[in-house]
Each structure stands twice: as structure tokens, then as C-alpha cells.
Amino acid sequence: MAKIINIIGREIMDSRGNPTVEAEVHLEGGFMGMAAAPSGASTGSREALELRDGDKARYMGKGVLKAVENINGLIRDALMGKDATAQAELDQIMIDVDGTENKDKLGANAILAVSLAAAKAAAAFKGVPLYAHIADLNGTPGQYSMPVPMMNILNGGEHADNNVDIQEFMVQPVGAKSFREALRMGAEIFHSLKSVLKSKGLSTSVGDEGGFAPDLASNADALAIIKVAVEQAGYTLGTDVTLALDCAASEFYKDGQYDLSGEGKVFSANGFSDFLKSLTEQYPIASIEDGLDESDWDGWAYQTQIMGDKIQLVGDDLFVTNTKILKRGIDNGIANSILIKFNQIGSLTETLAAIRMAKEAGYTVVISHRSGETEDATIADLAVATSAGQIKTGSLCRSDRVAKYNQLLRIEEQLGEKAPYNGLKEIKGQA
């Protein structure tokens, strides 16, 4: 038995200079796992609660000492002596101790850090890589694939201080034969984009996730510049590389309308879906995330109706990695893909349940980072372990983003042909 003998919580820093929670789970025999919780900037209103101290005299109220105290007290007391390999049992104990719908007593950040640290400790106890242990927990032992990366190379919205309303413009190297090749293609496009921006006298500073954040006149301008960068890097848009957008539309949804203040345009729900569809007709955009507000279910139904057969429509704020909300979407034919962020729901077990539900319904799965990250690379193992097919973990700079890519390189090296890179087949509507 992988008996838990100690649990330690601490406050550490994330990639935006804000505190976050880290946990260690120690087992008999000297085995240990350590994990940190990430934090989002554009968050869905129904996400599990990230517990912050609210003490304005310390980190502007963003301290996490209460969450750390919960780890070192209530959570430690509840899990001492338990078996770290019994992930579902551990997570359920923490959920029961919390006793709230959205984990606002203990904090999803506290529960998640311990949940992931326990999984890492259990993998160490079993003497297997983390991805192998997660695949066991998922009921898919030995079934792996390498994810197609969604690389956020140009930022707007909440992730940058510029005139672009759409939050993320991403490239997906679908023509690559391996993850290693996909990463190289993305890096070359990233550097090509930097030179294109410089040549136009535009800013080459980067946003929270490592993408460039130039002040462009419109969202279409962003797509046009990326097209130039892709071609300058020697690749062909539509075959070697497809594009993906994260609109984060909830951030510019006001009074039932979509206000693109950067462009001086206001759209109705259906009007904004028509606008996005027109972009997909001008550029090879294969995926659109959060193309409407999280509460605009009628709008989502229309968007799915007009684009769902050809474009991957990803629900992030829409579904918040929550099986109850995802089930409603599946039952009503809303979207066709889910973004998975384990801090939205707050435990590994619940995350795996959302992935399984999505896949069983024929939805694609995109494993995602948050804008506030750490060096913790657990999402890389999660993507491979569940054969998710796609991963979204930022640009090709900032070590908090690159840590995940580097872990994927290591995993691909270990697994070889046991973890194929399936390219375009992974993206809904594109196979």
C-alpha cells in the first residue's frame, strides 16, 4: 500500500507574480509527489473557487495562506494513512470535507494541488511515469497519443494591453509527422512572426502566455500578419498549419451584444457567429474556442448549426470542465469540443470524468494551461495519458509554457511509436 505519511502545503509564485498553491504528498518508503495549482485571467463564472485570502495588505489580496492552511490542516488530517494509488477515494474525501458545490471552503486550488501531488507520489511508488499512472486511473492503460499543440503566438483581449479583441490567435502544426517536428514548426513560425512585426515597426513584447501583443487595427489584421509569418517560415497555411482562435467572448459580451471595441463594431449573437464564419472562409481556421458568451446557449446553438460540421467549436467558459454542464451541452448539440482545465473543476478524478464524457459523446478534447502557470508540467502527462489529441499551453517562449512542451518531447522519446502524432485527424470537422 502506498500509505500517505505526510502532506505539506506552501505558497509559491506563478508566472504573473501572483501567489499560488503547491503541495507535497509523502508516502512510506520515501516516495513523494509535488504539484502546483495554476490560475486563470479570463475565468468562467461557474468555475470551482480559487481560494484567495483577500488581505489587501498582502499581495493585493491575492495571497493563498488560507488554502495552504487547509492543506496543512483539514486535508492532511483527512488523508493521513490513506492509499495514494486510490485517487478517486482521495479526491472524494477532499470533496466531502469541503462539502460545497464549488469547493469554496477548502479552495479548488488546495484540493487540486493535493490531488495532483498524490497522483505523482503514486506513480513514484509504482515506479512508472506519471502518464502511465494516469492512463491506469483513466481505464486506458498503454493507450497513448501525442497531442497536436495549439500555439498561442499572438495575444489580444485579457491577455494583452492592445487593440485586438480576440484573446488568442494560435497555429496548429497539423502537417507534422511527430510532436518534435510540430514543435519545431511552431518555433520557426514564432520567430518568423517576430521578424514580420519588427519589419512593420510593431511591438514584439509578449503577453501572459508568451505570444506577441502588437497594437493592430483589427482582428483580421492579426490573421493577415500570421499568414505572412507562416509563409515566411516556409510553410503552407491549410496543409502544414491550420489556425485556431480563442475569442473569450464572455469578456466583450455586454447587454446581450458582442462589443468589439478595438474595431468599433457591435454584433448580435447570430451576427457575431456570422462574423466568425466569414473569417473561417477567408483563412484556414480549424478551431474556435468560446466564440460566444458562456450563458448564450441560444447563440451557441446557432453557431454550432452554421459551423459545427466543419469547424471545431470548443467550450471553455461554456463548460468549465464540469460534467453536469457538459452533459447539457451534449444533450442539446451545443459545441463539439471541450477545453479541459483541471483547476476549473478542482481534482484529477473529476477532470478524467469530463474527458471520458466528452469522448464518449464524440466531442474532441483540448487539454489546457492557464494564463497564470508554474513550472509544473502535469498537463503534458495528462494529454498523453488520455489520448486527448490536442494541447493548448502557450507560445514558444516563457519557461512556464516551454516546460510543458519539453515534457512532451521527453514522453515522445520514451514512448516512440506507442504514442502516434495524428495531426489533422485530431481536430473536429477536419479529418
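Placement of Cβ uses the backbone N, Cα and C atoms for every residue, glycine included.
In the record from Swiss-Prot, residues Glu289, Asp316 bind Mg(2+); the candidate from Asp240, Asp246, Asp255, Asp259 listed for the same site is Asp246. Swiss-Prot annotates Gln167, Lys341, Arg370, Ser371 as (2R)-2-phosphoglycerate-binding residues; of Lys194, Lys324, Lys392, the candidate listed for that same site is Lys392. Here the Cα atom of Asp246 (Mg(2+) binding site) is found 6 Å from that of Gln167 ((2R)-2-phosphoglycerate binding site).
Report note: the Mg(2+) site is defined by Asp246, Glu289, Asp316, and the residues of the same chain whose CB lies within 8 Å of the CB centroid of those residues, excluding them, are Gln167, Glu168, Leu245, Cys247, Ala248, Ile288, Asp290, Val314, Asp317, Leu339, Ser368, Lys392.
Straight-line distance linking the Cα atoms of Gln167 ((2R)-2-phosphoglycerate binding site) and Lys341 (active site, proton acceptor), rounded to a whole number, equals 17 Å. When the recorded positions Glu209, Lys341, Arg370, Lys392 are compared by Cα distance to Glu289 (Mg(2+) binding site), the shortest distance belongs to Lys392.
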